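Undergrad: Take a look at this one; I'll ask things after.
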Amino acid sequence: MKVRYYADAEIREMHNHAIRLLAQLHDDHDITVEIDRIDEQHDPITDFPGEVRRLSAEEVYERDLKRNRALNAVIEQTPSEAFKHYGKLDIAGNVAVVDEEGTVQWASTLPGYADGYGPGAEAQTAMDFLEDISTSPSNRICIECLHLLDGDENFCPNCGYDLP
Ligand SMILES: [Zn+2]
């Protein structure tokens, strides 16, 4: 599994924090991390422990999000509702969980933190997700099957994996 960041988040501190959390995920938990830079707004990314690519938002949308049934099943809106606003792609700042086959199994639909979006938004935000999984990678997703969890389970209801 991989965690992919669609960069750059608009706010510089958030962008830098996302990069730090990804590096931490890699260093502490051996998770593959990568960045698709679709909207370059901040400094060059150096010293990142994963691949950094330059792509267009359209390429990312076509490859990862559009007509993605796995994603459609786990997010509240359809991918086109979530990532296209008034006909314009709005993807930068979000993060995705990618399986071994390269399919996006989950993606945040709100860049940034839940603050400002209202209650219940944590499950959809990029930064809360990154903080949750970098603290304890089994808290939000089952590392065995990438099943998304609520955070209070002792085992994964999808595969039965016991969470540490
Ligand atoms: Zn599982």
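Positions of Cβ are set from backbone N, Cα and C atoms, glycine also.
Fair warning: this is a prediction, and the values are worked out from it, not measured in the lab.
According to TrEMBL, the protein has these features:
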DOMAIN    3-134  domain 'DUF8045'
Undergrad: I'd like the per-state residue tally for the domain 'DUF8045' (3-134) from DSSP, helix first, then strand, then coil.
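TA: Each residue of the domain 'DUF8045' (3-134) counted once, the result is 51 helix, 29 strand, 52 coil.
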Undergrad: Just to confirm my parser: what is the rounded mean pLDDT across the domain 'DUF8045' (3-134)?
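TA: That stretch averages a pLDDT of 94.
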